[in-house]
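Record features (TrEMBL):
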REGION    47-109  region 'Disordered'
COMPBIAS  47-68  compositional bias 'Basic and acidic residues'
COMPBIAS  70-86  compositional bias 'Low complexity'
COMPBIAS  95-108  compositional bias 'Low complexity'
REGION    197-265  region 'Disordered'
COMPBIAS  198-210  compositional bias 'Basic residues'
COMPBIAS  225-242  compositional bias 'Polar residues'
DOMAIN    803-863  domain 'GATOR1 complex protein NPRL3 C-terminal HTH'
TRANSMEM  1291-1315  transmembrane segment
TRANSMEM  1327-1346  transmembrane segment
TRANSMEM  1358-1379  transmembrane segment
TRANSMEM  1391-1415  transmembrane segment
TRANSMEM  1427-1446  transmembrane segment
TRANSMEM  1528-1551  transmembrane segment
TRANSMEM  1602-1621  transmembrane segment
TRANSMEM  1642-1665  transmembrane segment
TRANSMEM  1671-1690  transmembrane segment
TRANSMEM  1746-1767  transmembrane segment
TRANSMEM  1787-1810  transmembrane segment
TRANSMEM  1822-1844  transmembrane segment
Amino acid sequence: MNEYLPNSFLLGVHLTISTHSGQQVVYSYPPTTVACASSVSNKFKIDKTNNNKHKDGELRLHTSHEDTETSSSSSSSWSSGLSDSELSTDEADESSSSTSDETTSSMSFHERMGTEQLLDLFKGEQNDDLKVSAESQMNDLFFTKENYQDIDKIFGFNSEFVAEFCTPDRDLCNTKFEFTIDEFCFLGFPIHNDSNGKWRKSKHRKHSSRKSASISHSKRRKSMATLSVHSSNSKVVDSDTLSTKKTNSNSNNEKKSENNIEFTNDDDDDVNDLGKYMNMFHVCFIMNPPLIEYNNRVDDMYQHVVVKLALLLRYIQSKTSFVSNECSIILKEREMITKHSHVYKELKTPCEKGKYMYERILSKSSLARALTKCVDQLHKNEIASIKIEDKMISLQIPIQNEFSSLPDHRLIEILPHSYLTSIVNKKFIERASVAYNSKGNKFRTSQLSENISNNDSVLRNSTDIRYMRQGEGIEDDDDILDYTLLLLDDPNVILKNLESMTMDNSLSNNNDVGDVNSIILRQLIKEIQPTVQLRYYHYIITDILQIEGSNITYDILRSFALHLIYWRHARIIIPISSKYKYAVSPLLTLTSSFLDDIKTFKEKFPSLPSLNYSLSKLSEPDIVETTRNPKASNLSKTIGNKELKNISARPFGSIIPSKEHKGIYLGALSWLIKHGYVYQLLTFVYIRVDKKIKMHVEEDLEKEGFRIKNKDKGFSRNKRNTQDLSLNSLTKQLNGEVNEVESSKRENKTDALGMDNLIPDPLNGNNIMSSNNSSNEEVLNFEFDDPEMQQDFTIILEPERATALEKRWLYKSIADQPADLQLLFKKLLKYFNGNTPLELVMLKENVSRHEIKRLFHALDKYLSWIHYVVLLTSIALLQFIAIAFFTRGFLLSRHVLNDISIPFNETYRPYEAQFEKAVVLIVDALRFDFVIPVESDTSNQYYHNNFPVLYDRFIGSNKGTSSDSSILLKFIADPPTTTLQRLKGLTTGSLPTFIDAGSNFNGNVIEEDNLIKQFYENGKEVLFVGDDTWDALFHPFLSNNSEPFESLNVWDLDTVDNGVINFFDKNLINKNENSLNWDILIGHMLGVDHVGHKYGPNHFTMKDKQIQINAFINDIINSLDDDTLLVVMGDHGMDHTGNHGGDSIDELESTLFLYSKKANAFSSDIKTSNYNITNMGKSYKQVNQVDLVPTLSYLLGTPIPFNSLGWPIEEIFTTELGKRSMMRATLKQLDTYKVKMNIDLEDGFEFDGSKEHTTEMILNNAYLSGDFKLAEKYQSKFLEICKNLWARFDYHSIATGVVLMTTSTIILISIAKVIPSIVIDQMVPEFTPWIIMMTLISTACFHGIYYVYHQPPFLNSILWSTLFGAAIGIIIGCCIPIFDRYSLGWIFIRFFQDLIADYWTCIGTLIVVLHALLFTSNSFTIWEDKIVSYLLTTFGMLTFYEFVFLPKRQSTTALLTAKISENEGTTSGVSPSIANSNSLPLSRFARLLGGYHSLVLLLCTRLASMITICRGEQGEYCTPTFTNSTNYSNWCMILCFLIIFLIPACIKGYYNLTSSYQAAAPIWIDIFLKGILFINFIYWGLTTMENTVSDLDYHFTLIKFTIARIIAGFTLIAVNAGWLIGPLCIKLNVHNTDVKSHQATILGYTNIYGSEYFLLVINTLMAIMLYNKPLAQISIFLMCNQLLSILEIIDLLKLKENIIGPIIMGLLSYQQFFSTGHQATIPSVQWDVGFILTDTITFPFTHIAILLNTFGPHILVALSIALLTLWKQPPDVLKPQTLLGRIVSNSGILLVYHTILCLSSFIWVTHFLRHLMVWKIFCPRFLFAALSLIVTQVVVTFGTVAFASSRLITHINDIFWG
């Protein structure tokens, strides 16, 4: 449970008793109001948390000593001085068998040493002194006129009322009492006697009964009134002395009489009568904790104060009637004062009388003083020490200021100067309590505080202290003497508190012992240092007591240490050292106390830097040069539960300038630890046994006879073999219970762990791990009997309790190490449990840091792929942050105002409605040339002249052939031309920005003012049917009877349109009594748009859809009445492919049609001759889509939406008055918007070529003259200025993104190329801790800086400041290990040297530079697809030239794949000459083969480049081949059928080159691949039938979904799961050379890595094929051949470590991106494939489909990049770690290539910010470059390196060399 801060919500206390005559409140404190008591509590809380300092300015820290969950009886025993039986409740009394005759006990030595001026109690202070003390505590606080409350009131309640509810029945007594009234909690432990009048039940004593002795009443009262309070500013007074002290003779008679009141015999009789009749007393505390902290505050108060005090009072009441006597004294004193005191009567005010009354009561009653001081001390969070009779009790609420883990600041208030530590002080006191409890009757828990602190028991009870150290519940060897004490006060302050203490008979039963303890404690406090272990100080006790060679000195030392901890004078720490590492505490809060501490620190350490600078130095990371041992280990080290190597903090000694400064720096360190500013980083170690160790142990057991091989099974083991022993029997054998042979071999004694019989003796040379029977057999297939053995690793949490088999594992890991390391490992093994700090182990075992470091380095773990993953992930995160910053600054966003236009009313209505109702029909993607007549020579039969209704009505209306009215205009959309953004523009009149296009699938309710909202606000019923985007945007304003339909399934052509038609038919066309009521009827049809996406406009389905909608509009027109307006419009157009989203003419041009049946509803000046339809309407009159908003507002009589920037269409006005009124209303709305947006139009505002016109002048002229054209020009200019304002980019964010991306590029180049991969392999473990540490630190710093200072200002949010800090931390974390080894100059020199290192490196560099420079021109960017194909073709030509015309060249690169040894590859069975042929010039066959692969690469590249989709900017120079007609043509489907056989055949041919078509290869290639390709062909064949057969009646939707899901499940899950099993493509071929001899060859050995890895590539290939259209599948087939040819070329030219390989692979991915039907434009995204698996947008299936379609080539290349290293790589040449390092290096070069392209797009799109083509060309290219980088990063990091390469290399290495 969470421990909270000390109770600062204690209000007061009252004592209630019950007698035969009733109940009454005897005493209450304080006599004040709730507000005053609360303010006192809060005051002390503030003082403690912010200014809790002593005279020397140091903070006094407190340590809780009780677990809040311990029982009340045990917790109360801590300092009460009572036995368990004496403090037990009644229930416990019945069963308790413990006895105790002690009725007196001397004061606890702990409590005496911690109590200031305690001895004043026995010195007999004057009564006046007491009054002064009381006044100093009470007068100013409680006895003012404003705060004082009548003594008969308790916080506003009558005392009689309080007494009534605080006096429960007997059955409810002797247990917890908790009563709440309003915000008050009355908390107590009422004590009631039993039916016999006994307060405690009597017990049988085993020893002699207590000696009866008659104690006089006066002595009893004298002993009852002893009070001790731990306070530095209060006196402790003997009440008896005060009550009998004579006053001065100079005092007046009244004072004499009142100060010398003596109780007569009658008084004594009254006292005895009260003791006889009192049957219950209740000390009840009043609290007002807040609700959220109620339970914890009440529990703490009850456990630590209420129960302990109540049980103590019950015990003393049962012995001496103390409580009843004290109650009699208080009551008698109150009666005496009120009836007989003349001073009291002469006092005028109630507060003066109350003050006098309390002074008198406190002078007489020790119980009243005890309760008063208890409340006062607890208010201050101090320890209240009370001694009553011979019993001592200490009451405190432990202050929670030490934490072993980070607390939740939302639930726990963290005190300033709290500290974080793994050495929790309270555990030592708790363990001591457990130890004494475990001893039973002999050593009771009640004796604990006496044995720890009593001054006369330290010497006599040394064995008890020793038992405490060794008792149950205490960890072995966890001795307090191994630590040291850090004094929390200045030693002089602690010693000053001891000055008034003397060891006389009043305090101790033995004066000599008390003096000795005082001397020892004083000397210990003087000499103790935080750098020295406690056990060192035993000489102090030895010298004083003259004891030699005895453990008693250590036991006494433990007692004093516990004393100082308990009394909050010190806390336990590991001795500080300059070699240890310390970090700034995360609990540190920079509050006002920090400024005070800066001054204090400077005063204490004037020669040191300031406090904040010292903390910053501690925060600096450590740069450690590490060396790696190639041997494997099973040890994993952690630092404070984290990794040990490369500890994040610096050793403290690194900041000490010289040895002379060491002392003062360590002193400053102790001050920082004391005040909670820093904490020590501790190292914890646990043991992890990997699978390899288990296998070796298993083999040893077999060789020793524990496991019997099944010879009939060859290498494999039979689990059912009856001779094989189970794990249990094996364990018995190893422990000597079964195997007699083994037990006879081991005659040595066992150690403490029982493992000597298993531990090799390095000194004697005995090593039982080695087998006596040598065998050359290698186990290739190994199975374990124990399921645990199948795990990759096992963590042994308790090595000292390891099983026999685990012991084998442990010592197998150390068997090959030197003898001294084996002994050290054996010595320290028990501490490798993850719980014992290594720093403490070194002190316990006297082991040096050098020895520990040497052991860990010898046992260093070999696996480092996780470090590679962390490194690549960090760089990926850095690049993602760079992209986020750049995108944030570049992609525009506009400020949206949520203001609503002023509604019309009777006094303000600038224009009247022209129509009562309106029907609005949106035909999605209704391009303008679809609705006008097109000449036959230029028309297309599928989408021209099929939609005549709009133009025919327009012509008829305006030529007078019909009586209706209509307007037909070209409707110009604003980019981006996506549906959601167009709907926003059509309804709000504003201009969505480019970034809004990303939310096309994520519409939310529009908050800004819009037409639909205005209709709703004006009481119009809006009924909608169609595209559910409307429901997402306008749901609150639409009728509940609306019917939205799923909109994004582009495969569904009819559902939405049929739904709209049926809905209109019911509610408009065939309207009847069941039809719905509406004012605005809106329909949105999607058929035309979906046909375009699915088939393109050039398809017969488009004609059918246009004809259907044409007829539907005719029906609507025929059903309209004269008061209804018809609006038909499109939201955007479509390009030649049927897509949209960009800004081409075809995408921007849409249609607007307004119609009314009444004549002259619109302007009569419309002349059809002005509406030219020639050349497909290029000169036709056009209006902006934003103009629709004010137009409909005028026609329907609603206010113009507030954010509208449009202008009403001139053709709608029938009168000049209406035109002028609408003009003025629109100008007023624009001006209101301008003022609200704070748009300044004055500066540089040009109008008609002159800047002399001001906004005011233009507005005035328009208003006065009514010039509609002038006002329209003003609106046009205003709209242009608004567009420019929204085009203001965030250059700070853009620059940040560019700098971060540039930095990531430099880091990637350094890691991937500049620094050799073999060195990176050694460095990579250093990157992980540095990156993690620096990222956390930097993130916290920038987060804090922004949170406090809001700097840097361009970040403008916590999120961006956190991302920026993380990016900086990653950069620093990557740079530290690099610059630790290399200088910046060396890196640059090496970089430029590598650029010109050899021929192919120069070629690769040139290709990257040329590709990056494409973005410098819009022309190059447009034709990137052709340029990329040209560059790839160039590489093919260069390689062909290399193979054909340069046969003598030995190598074209400076660095070979590996150093070739004489025996390289001979284990595969080939001859040495063939195996070593790589070191010779290429053979003729190799040159022929290389030439062939070059030609294949050239041919496939050329064929793939013929598959293209053209951009609109390419115009007539590009003829698209990737169209629907070609995709679903017969010849294309024939090719798709052929690739079912061609792809497997080609892959099989490449496998046969290395004899790798073995084992798993035929299964994967001939069965899996062919099968999936065939099923895939069926799917696309059905799709082709749907697209080409016009009269097809049957729909294949269900069949296609079934096929697609089968393919997806098999390719994405099943085959990858199968690949994880580890399919090998090798075969053991045995040849019989003669009768007696056999020769074996492993077929496929030379390509064992590459052949298995390519199976994973095949899995991905099968998955990608489904989501690509037929022509794209043909292109992917060509890509497969290109990829394999490149691998062969790279291998033949020995370019596996050259940058040309990854660069060409990256170039291949871009070339295939273009040839699979994509361009770097938004319309080219093939959204329709997102519905292959589902008919609706479903995460993640829709997203995966689009991702695999768009970035399939990039995914294939990113996954195949490892093949540059693994292809034709035998397992006997390179070590596994070297292979992994080279894979990471090649992957890094690929990432560099993508990063440079992304960075180039960043730079040039920024350069062309104001370019005309920025949004059409450069921005989409930047988005594509960023997404390509993200996809490649993710696949490379988590797919290639983490998932595939590491598993494959480990798998094969385990088989051959494990």
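Think of each number as a place in line: the chain as shown, counted from 1.
Cβ coordinates are placed from backbone N, Cα and C, and glycine is handled just like the others.
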Helix, strand and coil totals (DSSP H, G, I; E, B; other) for the domain 'GATOR1 complex protein NPRL3 C-terminal HTH' (803-863):
40 helix, 1 strand, 20 coil
Looking only at residues six or more beyond either end of the transmembrane segment (1822-1844), which have a C-beta under 8 A from one in the stretch?
865-866, 868-869, 872-873, 875-876, 879-880, 883, 886-887, 890, 1653, 1656, 1709-1710, 1713, 1720, 1747, 1751, 1754-1755, 1757-1759, 1761-1762, 1780, 1783-1784, 1787, 1790-1791, 1794-1795, 1797-1798, 1800-1802, 1805
Intrachain residues whose Cβ lies under 8 Å of the transmembrane segment (1528-1551), provided they are six or more past its termini:
1557, 1561, 1565-1566, 1569-1570, 1573-1574, 1577, 1580-1581, 1583-1584, 1587-1588, 1625, 1647, 1651, 1654, 1658, 1661, 1670-1671, 1673-1674, 1677, 1680-1681, 1684, 1688
Does the structure show the transmembrane segment (1391-1415) and the transmembrane segment (1291-1315) touching, where I'm treating 3 or more Cβ pairs under 8 angstroms (sequence separation 6 or more) as a contact?
yes
Which of 1327-1346, 1642-1665, 1787-1810 shares the most C-beta pairs under 8 angstroms with the transmembrane segment (1671-1690)?
1642-1665
Against which stretches of its own chain does the transmembrane segment (1291-1315) lie, if we need a Cβ under 8 Å and a gap of at least six residues from its ends?
871, 875, 878-879, 881-890, 1323, 1352, 1354, 1364, 1367, 1371, 1374-1375, 1378, 1381-1382, 1387, 1390-1391, 1394, 1699, 1784-1789, 1791-1792, 1795-1796, 1798-1799, 1802-1803, 1806
Mean of the pLDDT scores, which run from 0 to 100, over the domain 'GATOR1 complex protein NPRL3 C-terminal HTH' (803-863):
79
